[in-house]
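This report concerns only the one structure given below.
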Amino acid sequence: MEQGGGGGGNEVVEEASPISSRPPANNLEELMRFSAAADDGGLGGGGGGGGGGSASSSSGNRWPREETLALLRIRSDMDSTFRDATLKAPLWEHVSRKLLELGYKRSSKKCKEKFENVQKYYKRTKETRGGRHDGKAYKFFSQLEALNTTPPSSSLDVTPLSVANPILMPSSSSSPFPVFSQPQPQTQTQPPQTHNVSFTPTPPPLPLPSMGPIFTGVTFSSHSSSTASGMGSDDDDDDMDVDQANIAGSSSRKRKRGNRGGGGKMMELFEGLVRQVMQKQAAMQRSFLEALEKREQERLDREEAWKRQEMARLAREHEVMSQERAASASRDAAIISLIQKITGHTIQLPPSLSSQPPPPYQPPPAVTKRVAEPPLSTAQSQSQQPIMAIPQQQILPPPPPSHPHAHQPEQKQQQQPQQEMVMSSEQSSLPSSSRWPKAEILALINLRSGMEPRYQDNVPKGLLWEEISTSMKRMGYNRNAKRCKEKWENINKYYKKVKESNKKRPQDAKTCPYFHRLDLLYRNKVLGSGGGSSTSGLPQDQKQSPVTAMKPPQEGLVNVQQTHGSASTEEEEPIEESPQGTEKKTL
């Protein structure tokens with residue numbers, strides 16, 4: 001018997017001979033179901049008799065037939081309670097405890113799932129039962145049919161009979177298949193006794209006229225088939241075991257698929273929620289960044305507007321300051337011209353007294369202190385020393401007309417502080433521009449004429465022009481030595497062209513405003529040197545025309561005064577050519 005119980009797999013293989021005696025179509029279907037059940041975990045051995053015992057078989061995933069029948073009996077007994085109760089969980093706990101009393105350890109959840117699977121398979125079998133034989137569609141069909149068709153009051157009395165008959169079937173049909181008949185009564189004798197004992201109080205309501213034919217028809221359908229053929233009942237048991245295995249495998253697979261499907265749905269749900277949260281977070285981040293960019297742009301716009309306002313304000317202030325500076329310069333120039341006109345007609349001092357300024361000349365130094373005192377002190381110390389050398393040279397020749405010309409060095413000394421004051425007050429905001437203002441040209445002429453004796457000596461001319469540039473910077477004019485030299489050459493060339501034209505220049509000529517100044521300087525050099533080596537700086541026409549050279553100096557003085565008195569800011573015409581013959585020796 002132990003060999004039959006333990007080697008259930010070999011005995012199932014030996015069952016091929018009765019199965020092969022069936023019709024080909026049914027044989028093929030049963031073989032396919034049997035192979036599927038065998039692949040799921042050796043279903044034939046478990047369905048043969050449960051040689052491992054009820055306790056060991058109940059702990060696995062498969063439900064043996066006896067355990068399933070016990071579950072159906074307990075569920076049938078409690079059918080009315082299940083129908084009336086709203087909460088089913090405590091009832092399934094009670095079903096689990098009853099199964100534990102019978103020796104089957106199953107949780108309430110497992111019991112509920114098993115019953116639902118059996119009920120589902122019953123409904124499916126009932127729908128497709130028309131094309132099959134009675135009793136071969138599903139081995140628990142009769143029990144479930146009785147459970148679903150009986151009224152609630154008689155369900156507790158009917159189900160024990162419908163369940164008790166299949167339990168005794170292996171003993172009645174033990175002759176054809178010793179594999180199922182011999183191990184079951186001996187190894188599991190106690191559980192069937194408990195079943196019979198548990199259903200001893202139920203026999204009184206057995207004689208039911210309405211349900212009698214139902215039970216006989218349903219319960220003994222397999223017996224009728226077994227009496228028709230000697231091997232029929234055992235084949236039905238085999239088929240039901242295979243069906244149970246198929247149901248168990250399919251239900252487990254469906255359960256797995258259902259669990260997997262439920263998990264997939266939950267995952268999809270969570271993924272959707274996560275996606276929504278991420279999208280909202282991204283949208284919030286984008287809006288936050290847009291707000292930051294907008295605020296930054298607004299701040300930049302405000303800063304740009306403020307900068308534009310500041311630039312406009314500074315431009316207005318600069319314009320006002322330049323206008324005020326121009327007005328003050330013109331006012332100072334008018335005052336100086338008035339003083340020059342006054343002093344030019346009243347001052348007649350000898351050259352020896354030129355170092356001691358008379359009382360009428362005290363106001364101009366006061367004006368220079370008010371306008372710009374530091375550049376005046378430096379310019380006077382540098383300009384008075386070289387200019388004093390001109391009278392010393394003029395004293396040497398004794399010609400008679402030297403007396404009228406003796407006033408010219410004094411007048412130049414008077415004019416130089418005044419010109420320096422004008423230059424210091426008219427310092428332009430762009431001293432390094434390409435155009436030279438009138439005051440700057442006059443300052444260059446004064447500095448260059450003051451260094452004429454040094455230019456006559458054999459000394460490097462570059463150092464002298466550097467000194468002139470330094471003196472110009474002290475006076476407020478930013479000109480380098482090269483620019484000063486080029487400007488000096490240009491004004492001498494322009495003076496030569498104007499002189500060669502032999503046109504009578506008016507006293508208020510706007511072009512070449514420094515003509516009279518240069519003319520006066522050149523005339524003084526002719527008279528002082530006597531036409532010697534210093535005549536190289538004089539133009540050719542001045543050498544050839546003694547009449548013009550002997551022109552009275554008073555006219556030149558008046559021209560100089562009128563030139564300084566005019567407040568016009570007209571500049572000289574630009575000269576592109578370089579001097580070719582003027583002052584070769586001096587430069």
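Using the three backbone atoms N, Cα and C, a Cβ is placed for every residue, glycine included.
Lifted from Swiss-Prot, the feature list:
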COMPBIAS  1-10  compositional bias 'Gly residues'
COMPBIAS  41-54  compositional bias 'Gly residues'
DOMAIN    55-119  domain 'Myb-like 1'
MOTIF     96-103  motif 'Nuclear localization signal 1'
COMPBIAS  173-194  compositional bias 'Low complexity'
COMPBIAS  221-232  compositional bias 'Low complexity'
COILED    285-328  coiled coil
COMPBIAS  379-395  compositional bias 'Low complexity'
COMPBIAS  411-434  compositional bias 'Low complexity'
MOTIF     472-479  motif 'Nuclear localization signal 2'
COMPBIAS  538-547  compositional bias 'Polar residues'
COMPBIAS  559-568  compositional bias 'Polar residues'
Residue counts (helix, strand, coil, in that order) that DSSP gives for the domain 'Myb-like 1' (55-119): 48 helix, 0 strand, 17 coil
Averaged over the domain 'Myb-like 1' (55-119), what pLDDT does the predicted model reach? 82
The motif 'Nuclear localization signal 2' (472-479) resolves under DSSP into 3 helix, 0 strand, 5 coil
